[in-house]
Amino acid sequence: MGNCWGAKISSESPCRSASSPSGGTSKYASNSSVSAASVPPTPRSEDEILEAANVKAFAFNELRTATRNFRPDSVLGEGGFGSVFKGWIDEKTLAPTKPGTGMVIAVKKLNQEGHQGHREWLAEVNYLGQLSHPYLVRLVGYCVEDEQRLLVYEFMPRGSLENHLFRRSTHFQPLSWNLRMKIALGAAKGLAFLHSDKVKVIYRDFKTSNVLLDANYDAKLSDFGLAKDGPTGDKSHVSTRVMGTYGYAAPEYLATGHLTTKSDVYSFGVVLLEMLSGRRALDKNRPTGEHNLVEWARPYLMSKRRIFRILDARLGGQYSLAKAQKAATLALQCISVEAKNRPNMEQVVAVLEQLQDSKETGANPQLQKKSSSKNAGSNGSKPSSKGKPANARLV
């Protein structure tokens with residue numbers, strides 16, 4: 001749950017035309033629960049939090065006990081929202097328990113000085129409090145008491161996809177090809193569910209730090225603070241202030257403020273490209289001309305003979321070239337400049353299902369040994385270890 005956000009940047013955009021999202025009934029809505037045909041608008045105050053939300057309203061003292069008084073050594077991560085703490089509660093009663101007993105939780109505590117505010121906290125409660133799906137992180141509860149605003153989630157022991165792709169440490173081994181495709185499929189199913197006719201939600205901030213992994217490396221989407229209800233009736237898009245993260249936001253959304261499900265598809269394409277290449281969406285530590293992953297990779301993606309040049313050297317060649325070409329082609333389609341040329345998420349899921357390996361997937365320890373000699377291989381210089389470049393939020 002240690003999602004990290006960078007500095008927010010104001011951006012207002014003029015309105016022009018935007019491509020309409022694809023329709024159709026989604027099979028991914030069938031194994032999930034949602035309160036109505038569409039999620040109600042984000043409440044403006046805690047008094048408007050829907051009583052139907054299937055989450056617990058915690059007292060602040062309960063969460064203080066569960067996290068051992070928010071001790072520094074229980075911090076899982078920090079971000080624009082605030083800090084995330086590890087805690088323990090009883091699985092049935094949800095009452096705080098002793099460390100190491102009961103259910104592990106992640107408690108996100110709003111920083112009153114932070115740039116992510118109360119409205120995003122409300123949006124998170126509103127969406128995750130009503131939506132239930134295998135590929136969405138579970139919101140256990142929330143706390144609103146005086147000035148305190150907290151969110152309580154299921155604990156995701158493998159952390160974020162971002163850490164596994166970009167953090168260099170013995171704790172994070174290079175992800176195998178099969179495991180990357182498994183994670184991509186899970187995340188795609190989560191987005192397909194959100195875009196379904198039953199839900200009609202645009203995620204708006206799909207990126208590696210918002211894809212969390214459970215013990216089995218199953219992907220779950222987190223952080224719904226920027227989520228938006230999709231267009232209704234005969235409307236083709238939602239007009240909104242430009243928000244999200246540089247490097248992941250679709251070009252037409254940046255230019256017009258028009259938001260569609262195809263905006264999420266573009267963001268997914270960027271993340272898939274990060275998974276294929278082992279490079280960040282934006283990295284100013286790279287050589288000139290390679291700062292923007294999409295711009296750098298697009299020419300290689302357009303040629304099957306050159307696709308191998310973008311593939312992560314840490315994969316150690318342990319993949320089928322035919323499957324790599326298919327995944328690269330899918331990424332290219334998702335990052336199409338024209339939204340109408342992008343597939344919908346159900347189509348993305350269908351392609352990714354073809355790329356799954358029936359064998360057990362997992363991190364390959366041997367890849368870590370090979371990476372030291374191959375990091376300067378097919379996809380260029382060794383990934384930067386100068387620290388994480390800040391992903392700037394668009395607000």
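Keep in mind that glycine also has a Cβ here, set from the backbone N, Cα and C atoms.
Positions annotated as active site, proton acceptor by Swiss-Prot, on the basis of sequence analysis: ASP205. Look at Swiss-Prot and you will find LEU76, GLY77, GLU78, GLY79, GLY80, PHE81, GLY82, SER83, VAL84, LYS108 tagged as ATP binding site. Per Swiss-Prot, the feature compositional bias 'Low complexity' maps to 10-22, 29-39, 369-395. The domain 'Protein kinase' annotation in Swiss-Prot covers 70-355 and is backed by sequence analysis. Among the features that Swiss-Prot reports, region 'Disordered' is placed at 1-45, 359-395.
Local packing around the recorded positions GLU78, ASP205 was summarised as the count of other Cβ atoms within 10 Å of each Cβ; on this measure the leading residue is ASP205.
The least crowded of the binding-site residues LEU76, VAL84, judged by other CB atoms within 10 A of its own CB, is LEU76. Straight-line distance linking the Cα atoms of GLY82 (ATP binding site) and the residue listed as 'active site, proton acceptor', rounded to a whole number, equals 18 Å. For the pair GLU78 (ATP binding site) and ASP205 (active site, proton acceptor), the C-alpha distance works out to 18 angstrom. On the 0 to 100 pLDDT scale, the domain 'Protein kinase' (70-355) averages 93 in this prediction. Spacing of LEU76 (ATP binding site) relative to ASP205 (active site, proton acceptor) is 21 Å (Cα to Cα, whole number). On a Cα basis, GLY80 (ATP binding site) lies 14 Å away from the residue listed as 'active site, proton acceptor'. Cβ neighbour count for GLY80 (ATP binding site): 19 (other Cβ atoms within 10 Å of its Cβ, all protein chains included).
GLY82 (ATP binding site): 19 other CB atoms within 10 A of its CB, across all protein chains.
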